[in-house]
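Right, one structure below, let's go through it.
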Amino acid sequence: MAGWPAAEAAGALVVAILAAAAGGAAGKTTIEPCAGADTCAALLGYTLYADMKVSEVAALFGADPRAVLAANALDFASPGAANRILPAGLPLRVPTRCACSDGVRKSVAVRYSARPADTLASVADVVFAGLASADQIRTANGLSAEDPDAPLDAGATLVVPLPCACFNSTDNNLPAVYLSYVVRVGDTVQSIAATHATTVTDISNVNAMGSPIVAPGDILAIPLPACASMFPNSASDYGLLVANGTYALTAGNCVQCSCGPGDLKLYCTPASLTASCSSMQCPNSNLMLGNVTAQSTSGGCNVSSCSYAGLVNGTIATSLSSGLQPTCPGPHQFPPLRATPIAVNQGSYLAPSPAPGAGEAGGDIPGFPGSSNVSPANGPSGSVSQAASVNRPHQIVALILSVALYFQM
């Protein structure tokens, strides 16, 4: 890894060959060996296989809908955010906790409920967009070596292991959060590096690549510059990391933290997304979380600020700091929030510089492209249906004509 001696970096990585598609294509995945029970913040690069609500994407990964929006610098505060529809083909970053399981880093919290016509291959390649392979899902669930295209038992709950990386949450000795990225047709290491504001050398070092060549289905660990927190170990959000140019929600959606664009210093303010939040006033002051006061003097500028110090024992902790600086700071610049996309922009994940509840797995998931995007009323939730849709006018007309011809026979 960049920032480590080259020999140690190469020894710390294991490149595994995994089945990337039912047709037998092979994809390379960077695997980080580990030991212990620690976890880290990580991101999954997911490409929508159909038009989906934000809540449906979140339910698929057991995430909070607003957290998904925040991680992509999409407006997360407006009413009805979870019900917004995202277009098929849209690449998203999904926040996850990267654990240590069976000696390697992976996200093991995702559970998927199979629907009629689901197969291991379709779940791996379509529903989870290549983040997992059919063999990995089979092994994680102790299934027999059956045909990956054989139908699964409807309603069966599957553990879906997903790739992730921690690498001490650093890159070149600077804070970083790692994105698991599935290489798509037409991608090159150069284009991937440009899209994610990193370098070919950095991607090559992190993934122990002998040459900067990738193939569709490969999964790369992409280091993203991030703002690190300095919360005490007792904080429930200890280790919070926010990728540059994005946001994260914490403290039960009471606090929003952002990173960039001017620097890589974490900046947290009240989120105002819930009515039941503990006090956010700094002790022994009139300042609230995120407030900064500045007073110019002959010797410089006296600056006082109230900062977030983590969620400790269910209470929002704050920290007051004061000091003399050479000049007074200007207004804080926040990362720009984008409107919900209605079409796919192939350029990048982010600009430069009653749906399922939050974190509730098992919500309705749209069908495959070309099939119904309406979940069957009586079908198992949280999986894919290939039932035909009759919600488009030309299909309704065809159905009416078929019925009319039937009764004329």
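Think of each number as a place in line: the chain as shown, counted from 1.
Cβ atoms here come from the backbone N, Cα and C positions, even for glycine.
As given in Swiss-Prot:
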| type | residues | note |
| --- | --- | --- |
| SIGNAL | 1-27 | signal peptide |
| DISULFID | Cys34-Cys100 | disulfide bond |
| DISULFID | Cys40-Cys166 | disulfide bond |
| DISULFID | Cys98-Cys164 | disulfide bond |
| DISULFID | Cys100-Cys166 | disulfide bond |
| DOMAIN | 110-160 | domain 'LysM 1' |
| CARBOHYD | Asn168 | N-linked glycosylation site |
| DOMAIN | 179-222 | domain 'LysM 2' |
| DISULFID | Cys227-Cys259 | disulfide bond |
| CARBOHYD | Asn244 | N-linked glycosylation site |
| DISULFID | Cys254-Cys282 | disulfide bond |
| CARBOHYD | Asn291 | N-linked glycosylation site |
| CARBOHYD | Asn302 | N-linked glycosylation site |
| CARBOHYD | Asn313 | N-linked glycosylation site |
| REGION | 353-387 | region 'Disordered' |
| COMPBIAS | 370-387 | compositional bias 'Polar residues' |
| LIPID | Ala387 | GPI-anchor amidated alanine |
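On the structure: features taken from Swiss-Prot.
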residue	record	DSSP (3 states)
Cys34	disulfide bond	coil
Cys98	disulfide bond	strand
Cys164	disulfide bond	coil
Asn244	N-linked glycosylation site	coil
Cys254	disulfide bond	coil
Cys259	disulfide bond	coil
Asn302	N-linked glycosylation site	strand
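Each of the disulfide-bonded residues Cys164, Cys254 was scored by the other Cβ atoms within 10 Å of its Cβ; the lowest score goes to Cys254. Among the listed glycosylation sites, namely Asn168, Asn244, Asn291, Asn302, Asn313, the Cβ with the most fellow Cβ atoms inside 10 Å is that of Asn244.
The average pLDDT the prediction assigns to the domain 'LysM 1' (110-160) is 94. Listed in sequence order, the residues of the same chain lying 6 or more apart from Cys282 (disulfide bond) and placing their CB within less than 8 Å of its CB are Met288, Leu289, Asn291, Cys306, Thr318, Ser319, Leu320. Helix, strand and coil counts from DSSP across the domain 'LysM 2' (179-222) read 14 helix, 8 strand, 22 coil. Taking Asn168 (N-linked glycosylation site) as the reference point, the recorded positions whose C-alpha atoms are within 10 Å of its C-alpha, out of Cys40, Cys98, Cys227, Asn244, are Cys40. Across the structure, Cys40 (disulfide bond) and Cys164 (disulfide bond) are spaced 9 Å apart at their Cα atoms. The Cβ of Cys259 (disulfide bond) has Ala226, Cys227, Val242, Ala243, Asn244, Gly245, Thr246, Tyr247, Lys265, Leu266, Tyr267, Pro335 as same-chain neighbours under 8 Å, each 6 or more residues away in sequence. A Cα-Cα distance of 27 Å separates Cys164 (disulfide bond) from Cys254 (disulfide bond). Across the fold, the C-alpha of Cys166 (disulfide bond) and the C-alpha of Cys100 (disulfide bond) stand 10 Å from each other.
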